[in-house]
Amino acid sequence: MTQRVIQSIWMVLAALFIASSLFEGYLVLPGTHGHSIASLLARGFLVLAPLAALFWGRQYSLTPRGPLFLLAGWLLVVALTFWFASPHIYYVEYYVWSQITGGLLVLTSWTLAGFPKVFRQTQVGALILYGLAVVGVGLWEVHTGHHLGPSRVGSLSHIPTGFYYDQNSLGVAIALILPYILLLGGLWPTWPVYSLSALLAVLLTYILYKTGSRGGEIALLLDLAILALVAPLSFRRLLKWLFGGLIVALALVIGVLHTLPPTAHLPFALEKIAHLTHLVTHPNAGPSSVTIRLALYRSGWHAFITHPWGLGPRGAERYYAYWVHHKSPWNTYGVIDAHNMWLEVAMDFGVVGFLLYAGFYGWLLWGLMRLRPAGNRELEYFRAASLSSLVGFIVGSLSPSSVMIGFHIMWVIYGIALGTLVMAQRIPNPRLDSRRLSKEEPPMREGLVPGTKATVTTTVTEQMVARLGGQKVHPVLATAQMIEWMEWAGRKLILPYLEDDEDAVGYAVDIVHLAPTLVGETFSATAELLAIDKNRIIARVTAENGRGLIGRGQFTQVLLPKKALEDKIRDLSHHVSSDKEPTANE
């Protein structure tokens, strides 16, 4: 079996594993004693994932590997605390297995990052599929009230909308995937994708308000705040207006609710906002208040201090359940869930486990914050969405009603974040490339600011039509020719601002050709400065003919010292010339 066949099989299995894991135990196979597709694949991946990581990691020199070592250490702590501190019953064993499955999902994503196209299609495709499924089932449940929890509409507690066990998991899951849905147009800038993105975002938000948790809604607000700061430039203004509008609307609603009597009948969504306000303004108004959370935190902190090595998997739940039936200084009103995932990690796995898990999470956040996409559309998308999702999850996993650590979708997001860091290592960084030529970053003349434009115009000639191998293919403007004039517009944009001792070279183009232009027609190319990041000059480029837009995209140039560039070209010329010289034996 060739390496190519093995690679293809691995990619198919990895895609199936990641996509099916999002649905937890709902895709059950008949005749397997209740096992889902994901759980069966996870058993095979216990061997396959480490082997694939060793092979592909070595083959393509995949880095960083530090987060994998931290994750492996954390899983070892999970196993040890399970063996020495937990009852070996099915409930706890299932919980441990969910942690192992999560680690395998991250490892699988790490290997797929060596194949950026497959990584993009697998991860984004899985999230879109999950979003569509949540929308389909969620709208049905919202309409019928079927299986909605007692605090929402119906009388039953199980909510299959989120493919999890409760509305808290659903709310946080939606907050985790929404940044990826919102920015889909940045990955595939077409109107069908923009439309799908907007429709899914609106419907998911609607379902969140009808069935989700307050923790998910707070996480969603934080998602938008971070996206407004780190999203691709073409999205930032819209996201800032959207976030600002939501804050103003929320403030107005809270102000109005404050004036209404407590007995006023409110729509469902407003009831939830009123309850959030009530938690802050009346913290001691009974058991459904922050009083319970504070009691849980104090009791949990006491457990962490007295059991620094951890209580074992599900130890937090067993600890709180014990004090429900015994005299305790902390009245948790019978609640046996920590309502704080980070506290749960600390109680279950002790100091070592908490530090390893927090170190893994922190490595992902720090790596994403330091990442500079260098005009690469895929990296911009994954970096912005992953950073927003992880920051929002810090809130969504804390309070008011958080999720437990065994939560497959968060592991998929961890895998996407780590895969983004791997892809960034494999794509050349123009800033580092320029430092190889010169230790100093050359300054440009002042005056070039975002929004500055330059335009060039020409008429299509016979020499500019599409040709391949010297043969004429189509009697219309060639894509390469259109890109050449877009690049010329980009260079014209910066020429007035270059110092005498500096120059610029093209680094990255990300352009789509939308419509044909005939011989004899005139078209223009325009470059508009988006940003200057160190020595990178990033411009939005468009091309238009008399009928409208024919091309659009992004063009990145790298600023270099002119002498360093000339020396580099001279060295290459000498090297090529010496290779062509005949030897004495010829």
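Along the chain as shown, the residues are counted starting at 1.
Glycine is no exception: its Cβ is also placed from the backbone N, Cα and C atoms.
Per TrEMBL, the stretch carrying the note transmembrane segment among 96-115, 316-335, 516-535 is 96-115. Looking at 381-399, 495-513, the range annotated in TrEMBL as transmembrane segment turns out to be 381-399. Among the stretches 68-90, 96-115, 215-234, 405-424, the one making the largest number of Cβ pairs under 8 Å with the transmembrane segment (349-369) is 68-90. Each of 9-29, 68-90, 96-115 was scored by its Cβ pairs under 8 Å to the transmembrane segment (127-143), and the highest score goes to 9-29.
Note: the stretches the transmembrane segment (381-399) and the transmembrane segment (405-424) are in contact (3+ CB pairs below 8 A, sequence gap of 6 or more).
The stretches the transmembrane segment (215-234) and the transmembrane segment (96-115) are not in mutual contact, being linked by fewer than three Cβ pairs under 8 Å (pairs 6 or more apart in sequence). Contact check: the transmembrane segment (9-29) against the transmembrane segment (405-424) gives at least three Cβ pairs closer than 8 Å, residues 6 or more apart, which meets the contact criterion.
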